[in-house]
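Single-structure report; data block below.
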Amino acid sequence: RRGPGRKGAFLLAHPLPASSGSVPGEAEQPEPELVEVEVGHTALLKCGLSHAQGNLSHVDWFSVHKEKRMLIFRVRQGQGQSEPGEYHNRLSLQDKGTTLVLTGITPHDDRIFTCQGKRRAQEHRIRLRVYKAPEEPSIQVNTLGISVNSKEPVEVATCVGRNGYPVPQVTWYKNGQSLKEEKNRVHIQSSQTEESSGLFTLRSVLQAQVSKEDKDLSYRLPSGNHMKESKEVTVPVFYPAERVWLEVEPEGMLKEGDRVEIRCLADGNPQPHFSIIKQNLNTREMEEERTDDNGVLGDQAGARGNPTRPVLPDPTAAPPDVSDVRVSPAAPESQEGSSLTLNCEAESNQDLQFQWLREKTGKLLAKGQVLQLHSLKREEGGGYRCLASVPSVPGLNRSQLVNVAIFGPPWMASREKKMWVKENSELNLSCEASGHPRPSIVWSVHGTASEQDQEPQNVLSVLNVLVTPELLETGAECVASNSLGRNTTIIFLELVHFMSSTPDSNRTTNLSTSTISPPARANGTSTEKKLTEPESKGVVIVAVTVCVLVLALLGAVLYFFYKKGKLPCGRSGKQEITLPPSRKSEFVVEVKSDKLPEEMGLLQGSSGDKRAPGDQGEKYIDLRH
């Protein structure tokens, strides 16, 4: 029932050989028919009398237990009747009376049943064998552990199998091999208990001597036909260490600052407490370091004077390092349109990899020690970084920055700026220029000037000034100059007006002042930024207000003349209005009628006046000196 390689021990629920149930003194009878039924199920007992032609009209059924026969069921004319006793109400007929049905099988039904015809000499015997696989057995290991130094068998584990029938049998397995009694080596002690239900509970204790090789062995109770399998358990076996060694993580090359774990291991069980001894490079003395419970010492390579050398594959090798990164030429200069070559070198005891990066953007430009720059433009001036790294040690690298200077006169970020300001407020004016040699900046107005950190060829000057009427009139100018020339940026200042945002609101719309940020660089290109959103809204409000006031004034003048009677209506031609000398002006107000020519003609007929061709009824007021 077991294949090779199975582990553990099992409980076997097959019954032991039983007697045939024959009565002493009787003639030898053939073996009874065997019927196996599990506890709780139904047994079908078929009467096999030779003279029965498929229909038994007169049959008696008996149970035989402990050599005692007891009538339990009668069949007369195909009708069945149970006898009083333990089988009452559990028996019935099936298949036209040839089969007796017994329900609710229990362990007490494990016996012989006979059917006897009208002729008592003829009977058929049935051996009803009842079984029940035990529940999943529990196996408890000796948690205290077993020492290999014990001279006698020690308790290894205990197995308990409950509610099995018949009495379960236990076989212990160790790594797939069955264990048998062996003097002074293996001893198995079993005991059984019968429950009130007729089922059995078995307890088995395994005692054995163990060795160092048993530390990984497992014990279990396998499953099978009418068997139940237990969980696998491993027995802790204690033995002294015979070998000690070190492990280092991570493996391979290390760099200063890396996190290193040094693990001390031994082949003993349980693992002993460890101490790691190392040499202090400064004092040359040996120092003891305590590990944690797992034998691990965590440290940083190179920390507290701890050398990285002992954790390298080759203890005599120096730790990997990169130093003395150099770029030549150290201060590169070139004319616009020409070419430039940069070389990078570094010191290391490992193979190096070189990369060139643009400092401003971090963009990778080239791989290798040499960087070639062709047809240089002014925009290509600035920082370039050479990165030297050790491919075998990730993260181990050094770099060197070099600034490339392109000869040329000052180059302004913008030629002109316009700023919206508020009178009597402080304002920061900014001016940015670049060039080689590095330019200097002066301002045409007085204030507090300061320079902010930029690249070696760039200058950003900020001037703090007070907005005065004179400054509003003249504006400001910054001049950048070097030995190759000069250039300027002009800043225009416009005054911001404040007005109410709504007629009944006491709050005013405060148009913020801001410095116009420099546009993208374009050498010699004049650019002017659009107004910011609050400034644009302020200009629109001012324009609309002015237009409304002008229209209101014009309407008031016309209404005034109309009331005085000096603005005739309904007459053709032009009429001159005589004004006092002080009120005369040199402008003419023209009033056009919105009536169609046909309507004007009807009006003409009613008044009797005639119009000249082309006269559309315009009215003119000639205001002259």
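Note that Cβ sites are derived from N, Cα and C of the backbone, with glycine treated the same way.
Among the residue ranges 178-205, 430-457, 598-625, the one that TrEMBL annotates as region 'Disordered' is 598-625. Mean model confidence for the domain 'Ig-like' (410-489) is a pLDDT of 91.
For the domain 'Ig-like' (410-489), the DSSP-based tally of helix, strand and coil residues reads 6 helix, 50 strand, 24 coil.
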